[in-house]
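For reference, Swiss-Prot has these:
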{"type": "BINDING", "residues": "17-23, 45-47, Arg332, 358-360, 440-442", "note": "GTP binding site"}
{"type": "ACT_SITE", "residues": "Asp18", "note": "active site, proton acceptor"}
{"type": "BINDING", "residues": "Asp18, Gly45", "note": "Mg(2+) binding site"}
{"type": "BINDING", "residues": "Asp18, Glu19, Gly20, Lys21, Asn43, Ala44, Gly45, His46, Thr137, Arg151, Gln247, Thr262, Arg330", "note": "IMP binding site"}
{"type": "ACT_SITE", "residues": "His46", "note": "active site, proton donor"}
{"type": "BINDING", "residues": "Val326, Thr327, Thr328, Gly329, Arg330, Ser331, Arg332", "note": "substrate binding site"}
Amino acid sequence: MKASKGRNVVVVGTQWGDEGKGKLVDWLTESAQGVVRFQGGHNAGHTLVINGVKTALHLIPSGIMRPGVKCYIGNGVVLSAGKLFEEIEGLEKAGVEVRSRLRVSEACPLILPFHAALDVAREAAREHGGAEKIGTTGRGIGPAYEDKIARRALRVQDLKYPERFAAKLRELLALHNHVLSTFLGSANFQFGDALKPYITGGQVQFEPVFEEAMRHAEMLKPMMADVSRELNEAHAAGANLLFEGAQGTLLDVDHGTYPYVTSSNCVAGNAAAGSGVGPGHLHYILGITKAYCTRVGGGPFPTELDWETPGTPGYHMSTVGAEKGVTTGRSRRCGWFDAALLKRSAQVNGLSGLCITKLDVLDGLRELSLCVGYELDGERIDLLPMGAEEIARCVPIYENIAGWTESTVGVTHYENLPSNARRYLERIEQVTGVPIAMISTSPDRDHTILMRHPYAAD
């Protein structure tokens, strides 16, 4: 194969998701010819603001907002065809051409209505039994990945063969309806309106699921592709590719705050497995991190603040940062920047550089705290532990840093930032050992400070 001059960049979240990856992916696609989603499902939410217009995406790569950029959904994504077409139709109404530019891997496992039903039932059963909820979005992501790992999933390619699809579907329904009946017996809850058309007497019915899947199949066929082959051919031809991670490192099923995690690998290494592009072709790993920390749902959060009481720094972050989930609308928990957490993320991702987002949210705070380590059971440590129970016992060790009252909104040159903002960023670099490549100073695409371009040659 001919040597390529193309450069491939992986973008990953370094915290618990919601770091602002969508904006940065959109910004970077000016230098890319293709953008790839490689894990997760429609539980992820990316918000883009372009010329003042806000667009929320859940499945389709953020590069779709750049005319001419090809977008790929890789084999590591679990796909709800219904949600995909909802998103396509919304973009088309806004004048965005999607279908000719989007390719979907035939190897993607499908999310079907019984996956969402299982997700909802399990969370209800946990709550009924007195256990803390995991905090899933209830969209069927986890159960769909379970079917994949158990080697029984229906995949996109199965949609091309109705008889094969029907036979596999009947087998899956027999299994999952049995499990559903067990959950229904242990918790009193109701399925939401979105699931009611598929369920009779607490059981997911074959006909509505099959008929809907066949309708989706006809619409999806023109976009089905061998995504691995297309990406490798594009790379060989010299194209720059961008791999767009969803969620964040601390939600990774292996490296996150287990069990309060998602069901996929969110780390940079999965960009290869989830797309079919070899790891030797991934040239730069950009870690996206907020200038503070947020988390949605349950699980330990060492630097969490009181974010509900007016007048507190946490409340400032929550309100000024508009910290509500794109997918669920749930309020995000807020806390100080955690450099010990970021050091863990830097290790497991092999970060080449950082992009600090939402720096402008800290405008007006006169004093900031930066977590540089923890005290755990009487011992000082400077790296986030692996276990959720240990993380929950961590007491943050803070450095206090002077804040700033000047506005950073819209600043596009580093030297124009307030001096205290520069000191804060430089201290983050020193403690984490990762150079800052980019800084975001508002949700707008153009409000970005570039220090080192990820697509520039080393």
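Heads up, the Cβ atoms here are built off N, Cα and C, so glycines get one too.
This view paints the features noted in Swiss-Prot onto the structure.
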residue : record           : Cβ contacts under 8 Å, 6 or more apart
Gly17   : GTP binding site : Ala44, Ala246, Gln247, Gly248, Leu251, Cys266, Val296
Gly20   : GTP binding site : Ile288, Lys290, Cys355, Thr357, Lys358, Ser440, Pro443
Thr441  : GTP binding site : Leu359, Asp360, Thr408, Val409, Gly410, Val411, Thr412, His447, Thr448, Ile449
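If you take the Cα of Arg330 (IMP binding site) and the Cα of Asp18 (active site, proton acceptor), they are about 12 angstrom apart, rounded to a whole number. Here the C-alpha separation of Gly45 (Mg(2+) binding site) and Ser331 (substrate binding site) works out to 14 Å. For the binding-site residues given as Gly45, Gly329, the lowest number of other CB atoms within 10 Å of the residue's CB is seen at Gly329. Taking the C-alpha atom of Asn43 (IMP binding site) as reference, the shortest distance to any of the recorded positions Asp18, Lys23, Ser331, Arg332 belongs to Asp18. By the criterion of other Cβ atoms within 10 Å of the residue's own Cβ, the least surrounded of the binding-site residues Lys23, Arg330, Arg332 is Arg330. Taking CA atoms as the reference points, Ser331 (substrate binding site) and Lys23 (GTP binding site) are 20 Å apart. Note: the CA-CA distance between Arg332 (substrate binding site) and Lys23 (GTP binding site) rounds to 19 Å. Minimal Cβ crowding within 10 Å, among the binding-site residues Asn43, Gln247, Ser331, is found at Ser331. On the backbone, the CA of Gly329 (substrate binding site) and the CA of Asp18 (active site, proton acceptor) stand 12 Å apart. Reduced to three states, the DSSP call for Ser331 (substrate binding site) is strand. Figure note: comparing Cβ neighbours within 10 Å for the recorded positions Asp18, Leu359, the maximum is reached by Asp18. For the recorded site, Thr441 (GTP binding site), the DSSP three-state label reads coil.
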